[in-house]
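In what follows, a structure is listed as structure tokens, so that the remarks can point back to it.
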Amino acid sequence: MTFMIRDVPKDARPRERLLSSGPESLADHELLAILLRTGTKEESVLQLAHRLLKHFEGLRLLKDATIEEITSIKGIGTTKAVQILAAIELGRRISRLSYNGRYVIRSPEDGAKYVMEDMRFLSQEHFVAIYLNTKNQVIHRKTIFIGSLNASIVHPREVFKEAIKRSAASIICVHNHPSGDPTPSREDIDVTKRLAECGRIIGIELLDHLIIGDQKFVSLKEKGYV
């Protein structure tokens, strides 16, 4: 017999709990169980969802898993994997829709909020430049490179070339630490100082360099490096 949601006690069923208390009240594995709908002959859908998350160490790695990696889990077939991937992609698109307008960045918190959900789960370091107009509105965003950050790779020319092309008044640079710890490294500080100096020469101010961790961030401006 395959375990289904209806086999779970009513007061513990994720769907009923969502209806009564809202989706924010559910744990990650409960939301996942609603997508999966059925378990296996050996375990309930809640147990299956919990095992799936444990395999991927939570949402961080599941977010970037391939259909082959997901279907390698016992009890997860193509249909279930497709449902999971579709839900993840919808989440990504909704996150992007939130900022399709001219988002205004007036503080490090504003900048971190703008990129946090896109960058906190990335498995590699991404260095991103955010270009602003004179009203501190975002006019463009560009990934400059992907990989370990060092001063020889992050060339100011690539950062400021786009700023000139977009007639940007200022820029904010952002990169993530896949470890989840946003503590700046010596390389982070060196890159920041180099970009800030180039910005002063060109006349396009580097407002900040943000390091994104897992729901945490560090502003190198607040640390006194910009």
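Backbone N, Cα and C define each Cβ position, glycine as well.
Computed from a predicted structure; not experimentally measured.
According to Swiss-Prot, the feature Zn(2+) binding site maps to HIS175, HIS177, ASP188.
Sequence annotations record features per position, and here Swiss-Prot assigns domain 'MPN' to 104-226 based on sequence analysis.
Annotation comment: Swiss-Prot describes 175-188 as motif 'JAMM motif'. Here the motif 'JAMM motif' (175-188) returns a mean pLDDT of 94 for the predicted model.
Long-range neighbours of the motif 'JAMM motif' (175-188) within the same chain, counting only residues 6 or more positions beyond its ends whose Cβ lies under 8 Å from a Cβ of the stretch, are 119-120, 122-128, 149-151, 209-214, 216-218, 220, 223, 225.
Neighbour density for HIS177 (Zn(2+) binding site): within 10 A of its CB lie 23 other CB atoms from the protein chains shown. DSSP states for the motif 'JAMM motif' (175-188), grouped as helix (H, G, I), strand (E, B) and coil, give 3 helix, 2 strand, 9 coil. Within 10 Å of the C-beta of ASP188 (Zn(2+) binding site) we count 23 further C-beta atoms, all protein chains included.
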